[in-house]
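*Asks:* One structure follows; several queries about it will come next.
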Amino acid sequence: MLLLFSVILISWVSTVGGEGTLCDFPKIHHGFLYDEEDYNPFSQVPTGEVFYYSCEYNFVSPSKSFWTRITCTEEGWSPTPKCLRMCSFPFVKNGHSESSGLIHLEGDTVQIICNTGYSLQNNEKNISCVERGWSTPPICSFTKGECHVPILEANVDAQPKKESYKVGDVLKFSCRKNLIRVGSDSVQCYQFGWSPNFPTCKGQVRSCGPPPQLSNGEVKEIRKEEYGHNEVVEYDCNPNFIINGPKKIQCVDGEWTTLPTCVEQVKTCGYIPELEYGYVQPSVPPYQHGVSVEVNCRNEYAMIGNNMITCINGIWTELPMCVATHQLKRCKIAGVNIKTLLKLSGKEFNHNSRIRYRCSDIFRYRHSVCINGKWNPEVDCTEKREQFCPPPPQIPNAQNMTTTVNYQDGEKVAVLCKENYLLPEAKEIVCKDGRWQSLPRCVESTAYCGPPPSINNGDTTSFPLSVYPPGSTVTYRCQSFYKLQGSVTVTCRNKQWSEPPRCLDPCVVSEENMNKNNIQLKWRNDGKLYAKTGDAVEFQCKFPHKAMISSPPFRAICQEGKFEYPICE
């Protein structure tokens, strides 16, 4: 009985003493082990045992390697096996973020700045990458806002009259007692209030002299010596310059409204996009801003669209389409109140056919062309009233945009921020449906970055500059066989670059080590002497050697320049 008790006690002590030398079988949420089916998931693992694991789609290990090595130690698994959610960050419509286009990991927090009149869900300012994805969708949605009831000078009338005005509402002005309006004829309600300023009414107004000279630009029409109140002139910039601010100025009671500026455009366009079933005359980039190139379609193909594309601010305008002539669609005439001057044979028209027509209650004639099944312009007798937007608003912290000129639907105005302020994405406002849409914000920018950090065995894809404005990004690449770990781009934030990537060393298959361990490449025709980090190389024993019981796996994973070679005896 005493002997039996001693045996049980010794056995119990041995078990207790061995608890610290065993690891629980690794259970990895959103991950799996290499050759997982070969292991017993209910067994414990002895110290020194090595496993490799990978993560499911949209998840990654902290090292960001495809296969990550973990080792059972007396303290447990090292490193701790886990898979982190990857959250891709889109380009934010109606807002911006320095993280646009980047990948973030679970636990990261990102700041989003929405345009005026827009906000994140629940008015959040930051969103976090969590296991399910983004904590809040990275979408800037329209938010309701209000403007005060305007207090106007005597003899100024505003319509429509309401008890409250919402963001987007437009007020139109007129003068009583046959007085003359001085200032804008309409204003719009924005998140920051009414803009532009309200007008006044006067009995007499002064004329203006010739419009002022514009540096690197000129007036489009012939200049006069005198311009009447409310007369408008329009400017164009010289080649390689783009206009910022309202391109039209107006004579207002003897003074011209604010001039635009012409800014030299240094962004160039690269190779011309390939046109399916078409061609361009070959030439070598870069192409300067404003340069146009003619494109052509092959024989038996018809062009749909403009035959010229232009480099605008580093981007080519839209390519036309080349459609096979036998695939071109016909156009039809619809509408009982349309009278055409043609005998409508079957009421169908071939591509490029032109018609002249008039409507029942309108005497003047209209013209249209059939373009691949669609009339251009549309054959229509509905009277559409031309819509105008109020003068463009004075955006907070933007350069002076004071003007009293209305803009037609589709017209754009480029915005330029004051010094120390940055316009991260949208640089133009667009007049649409009689209102200015999606106003950008000028964000304070107190610090610039120097050249991007250098990395071992890698370089940037572009020539480094001496200074970079906040929000700038630079892309890296590694030398051949080196694997890039981390984000391929770095971003300038608060005078500092985000963490650059690393170029992980490749592995070189060593003949000396293979001979020493009595092994050879499993696939003799593989000829694989180099392997990137995360790549696998398979070995086998040389005849007549056999695998050692404690040998590492014969499918070796390259880990930052090192293989763990299997052993045969």
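Quick reminder: no glycine exception, Cβ is built from N, Cα and C everywhere.
Keep in mind that what you see is a predicted model, and the values were worked out from it rather than measured.
Reproduced below are the annotations present in Swiss-Prot:
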SIGNAL    1-18  signal peptide
DOMAIN    23-83  domain 'Sushi 1'
DISULFID  C23-C72  disulfide bond
DISULFID  C55-C83  disulfide bond
DOMAIN    85-142  domain 'Sushi 2'
DISULFID  C114-C140  disulfide bond
CARBOHYD  N126  N-linked glycosylation site
DOMAIN    145-203  domain 'Sushi 3'
DISULFID  C147-C189  disulfide bond
DISULFID  C175-C201  disulfide bond
DOMAIN    206-264  domain 'Sushi 4'
DISULFID  C208-C251  disulfide bond
DISULFID  C237-C262  disulfide bond
DOMAIN    267-324  domain 'Sushi 5'
DISULFID  C269-C311  disulfide bond
DISULFID  C297-C322  disulfide bond
DOMAIN    329-383  domain 'Sushi 6'
DISULFID  C359-C381  disulfide bond
DOMAIN    387-444  domain 'Sushi 7'
DISULFID  C389-C431  disulfide bond
CARBOHYD  N400  N-linked glycosylation site
DOMAIN    447-505  domain 'Sushi 8'
DOMAIN    507-569  domain 'Sushi 9'
DISULFID  C507-C558  disulfide bond
*Asks:* Are there three or more C-beta pairs under 8 angstroms joining the domain 'Sushi 1' (23-83) and the domain 'Sushi 7' (387-444), sequence spacing 6 or more?
*Replies:* no
*Asks:* Provide the three-state secondary structure of N400 (N-linked glycosylation site) computed with DSSP.
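*Replies:* Coil, per DSSP.
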*Asks:* Below 8 Å between Cβ atoms, which of the listed ranges 145-203, 206-264, 267-324, 507-569 makes the most pairs with the domain 'Sushi 1' (23-83)?
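*Replies:* Between the candidates 145-203, 206-264, 267-324, 507-569, the best contact partner of the domain 'Sushi 1' (23-83) is 507-569.
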*Asks:* Given the recorded positions C55, C208, N400, state which is nearest to C431 (disulfide bond) when distance is taken between Cα atoms.
*Replies:* N400
*Asks:* Just to be sure I understand the packing, how many Cβ atoms besides its own are within 10 Å of the Cβ of C431 (disulfide bond)?
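*Replies:* The answer is 21 other Cβ atoms.
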*Asks:* Taking every protein chain in this structure into account, which of the disulfide-bonded residues C147, C558 has the most other Cβ atoms within 10 Å of its Cβ?
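*Replies:* Within the set of disulfide-bonded residues, the most crowded position is C558.
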*Asks:* Note the mean pLDDT of the domain 'Sushi 8' (447-505), expressed as a whole number.
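*Replies:* Average per-residue pLDDT within the domain 'Sushi 8' (447-505): 80.
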*Asks:* Would you say which of the disulfide-bonded residues C72, C208, C262, C322, C389 has the most Cβ atoms within 10 Å of its own Cβ?
*Replies:* C389
*Asks:* Which one of these disulfide-bonded residues, C175, C189, C297, C381, has the sparsest Cβ neighbourhood, judged by other Cβ atoms within 10 angstroms?
*Replies:* C381
*Asks:* How many whole Å apart are the CA atoms of C237 (disulfide bond) and C311 (disulfide bond)?
*Replies:* 15
*Asks:* Could you round the CA separation between C55 (disulfide bond) and C322 (disulfide bond) to a whole angstrom and send it over?
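*Replies:* Given the Cα positions, C55 (disulfide bond) is 45 Å from C322 (disulfide bond).
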*Asks:* Are there any residues in the same chain, six or more apart in sequence, whose C-beta is under 8 angstroms from the C-beta of C140 (disulfide bond), and if so which?
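*Replies:* Listed in sequence order: V92, K93, N94, G95, I112, C114, N115, Y118, S119, L120.
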*Asks:* I'd like to confirm something. Which of the disulfide-bonded residues, C23, C389, C507, has a Cα closest to the Cα of C262 (disulfide bond)?
*Replies:* C389
